[in-house]
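Working notes for the structure below.
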Amino acid sequence: MSPTPPLFSLPEARTRFTKSTREALNNKNIKPLLSTFSQVPGSENEKKCTLDQAFRGILEEEIINHSSCENVLAIISLAIGGVTEGICTASTPFVLLGDVLDCLPLDQCDTIFTFVEKNVATWKSNTFYSAGKNYLLRMCNDLLRRLSKSQNTVFCGRIQLFLARLFPLSEKSGLNLQSQFNLENVTVFNTNEQESTLGQKHTEDREEGMDVEEGEMGDEEAPTTCSIPIDYNLYRKFWSLQDYFRNPVQCYEKISWKTFLKYSEEVLAVFKSYKLDDTQASRKKMEELKTGGEHVYFAKFLTSEKLMDLQLSDSNFRRHILLQYLILFQYLKGQVKFKSSNYVLTDEQSLWIEDTTKSVYQLLSENPPDGERFSKMVEHILNTEENWNSWKNEGCPSFVKERTSDTKPTRIIRKRTAPEDFLGKGPTKKILMGNEELTRLWNLCPDNMEACKSETREHMPTLEEFFEEAIEQADPENMVENEYKAVNNSNYGWRALRLLARRSPHFFQPTNQQFKSLPEYLENMVIKLAKELPPPSEEIKTGEDEDEEDNDALLKENESPDVRRDKPVTGEQIEVFANKLGEQWKILAPYLEMKDSEIRQIECDSEDMKMRAKQLLVAWQDQEGVHATPENLINALNKSGLSDLAESLTNDNETNS
């Protein structure tokens, strides 16, 4: 008897994996871990789970001992190598990262996240992406909750950029499909007029609010005092607009819209009446370049009353406010899929938004520095944003187009048709004119002279039809004046003479009679014809009988099997007949005008006889087009000696009809 294999022991395996993991960390080599993994008895899943626990145990000890970030990152790097070698589960590195970021303070989390950013290519690989994308998203969201939006602005931005690099553009978790707003972004300002300091003189405001040291700002560099006095009402209305920018849905309410309209007109009037000088902005820009060009960005507006004068004198601040207007107007005018049906602008609101948009662009172009260029750039970006809105309204379809599966049989690529194939020498003996209707008309009668003599080409009217109107006018009871009679029309008289010469024996006048004028002659002929022609009732009855005969003939013609056979074969008929044809396809091929090269191509494409037969019929259908009818196929079968198949196809065709 062969010895039984040793059983898997979790404590023993975990001890061995822990020891080999520490050895691999010390040697900075994964070989000891691979060797232990191959020596430990048990299934692969059991060993992977045990090694995952060993990694988490070692990481826990390092965190408790307050080890450096380098030691922690070494463990995670070793786990990544283990996943690549197939000895760890794919989620192990992400679980370790989550444990580390949950336990370390924010300053050390910055170092750990730098490691995460550098390995974004690893996380996007096929081995890690599907297993770790949810871990990374949850880890980043937990980290964002711990960070302060005002104090850790840069760190928050790095996390958002990392997520943008990690996930594809069509990832649903980052698209805000329902167009929700960040209602938590509340702008706090002084709402108590009693506590306002704007009523004091400008000098007192400057002394209490800002102590300017000597040499900090000269008299020439100081902003000029606003020509429109800034009071508490302007301050309150200005900062109240931020609530509409935060939640644009308020603009669809009647009362809120009136408030927004009133506040906006006053604020924009201030911007129009107090325009900035380009020299001050240029001087400020030059000073920034001399000092290194460092630009400090604040995520929130400073709403102190003492800064109102300086803010209105700042070109960047004005650009922020005007840009908020343009973004708000674009949302109000745009088509948003999840916008309520009640959120519709009136014609008056739409007109005001259109006029105000032009005013805002004008203010942007007048705002230094490079106002004209900045205005055009903003307009271009907002126009491009319309494409993004349309894409979201369509449900964010993927930009990667998948190749459609082709289930149809491969069609044989044929060379250009030889002249004899369309000059009446094919199996159908038809001359192809290059157009379906022209081909049908040309082949109705092969002999052109016989076609010209056909009774169907007789377009000359009968005497009854042509002279019917003249006979009615000649009747005295109708009391038609001579000048209105048709016989007095020269054109009518010319055609009447030609018809009488062909159809009537009274055309030739006896030589002993005096020649009359054309109207008198026609009047005399009309009287003679009226006596010879049958009464109208008999004529109508005869016409009805002829119509009935024509209808019966038409019905019989429609019921003719020849007409039904003129229809081209369908794909279903080809599929059924190919199964019956089978191995005899090669006998039929020459009679379908197939060349030897095409027959060899069919033999090379498939080993299955039924598939070869199907390819033969498909190639014949492509070659003949609308002339690939069951009747032509039956003729080819009879010529090739396959009478049984021809009879079977005839019966199937009659049954389907």
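Backbone N, Cα and C define each Cβ position, glycine as well.
Annotation comment: Swiss-Prot describes 206-222 as compositional bias 'Acidic residues'. The SUMO2 cross-link annotation in Swiss-Prot covers LYS31, LYS408, LYS580, LYS595 and is backed by a large-scale study or a structure entry. For LYS595, the entry in Swiss-Prot reads SUMO1 cross-link, with the evidence type a large-scale study or a structure entry. Here Swiss-Prot flags MET1 as N-acetylmethionine, drawing on a large-scale study or a structure entry. According to Swiss-Prot, the feature phosphoserine maps to SER2, SER537, SER560. Look at Swiss-Prot and you will find THR4, THR542 tagged as phosphothreonine, backed by a large-scale study or a structure entry. Annotated N6-acetyllysine per Swiss-Prot: LYS133, LYS300, in sequence order. Per Swiss-Prot, region 'Dock domain' is recorded for 133-167, 227-397, and the stated evidence type is experimental evidence.
Model confidence over the region 'Dock domain' (133-167) is summarised by a mean pLDDT of 92. Counting residues 6+ beyond its ends, the region 'Dock domain' (133-167) has Cβ neighbours under 8 Å at 91, 94-95, 97-98, 101-102, 106, 109-110, 113, 116-117, 120, 123-124, 173-174, 297, 299-300 in the same chain.
Cβ neighbour count for LYS31 (SUMO2 cross-link): 12 (other Cβ atoms within 10 Å of its Cβ, all protein chains included). Cβ environment of LYS133 (N6-acetyllysine): TRP123, LEU166, PHE167 lie under 8 Å away, each six or more residues apart in the same chain. Cα to Cα, LYS300 (N6-acetyllysine) and LYS31 (SUMO2 cross-link) are separated by 53 Å.
Applying an 8 A CB threshold to same-chain residues 6+ apart, the list for LYS580 (SUMO2 cross-link) reads LEU645, SER648. You'll find the Cα of LYS595 (SUMO1 cross-link) roughly 66 Å from the Cα of LYS31 (SUMO2 cross-link).
According to DSSP, the region 'Dock domain' (133-167) comprises 28 helix, 0 strand, 7 coil. Taken residue by residue with DSSP, LYS300 (N6-acetyllysine) is part of neither helix nor strand, so it is coil. The Cβ neighbour count for LYS300 (N6-acetyllysine), using a 10 Å radius and every protein chain shown, is 12. Every protein chain considered, the tally of other Cβ atoms within 10 Å of the Cβ of LYS595 (SUMO1 cross-link) stands at 13.
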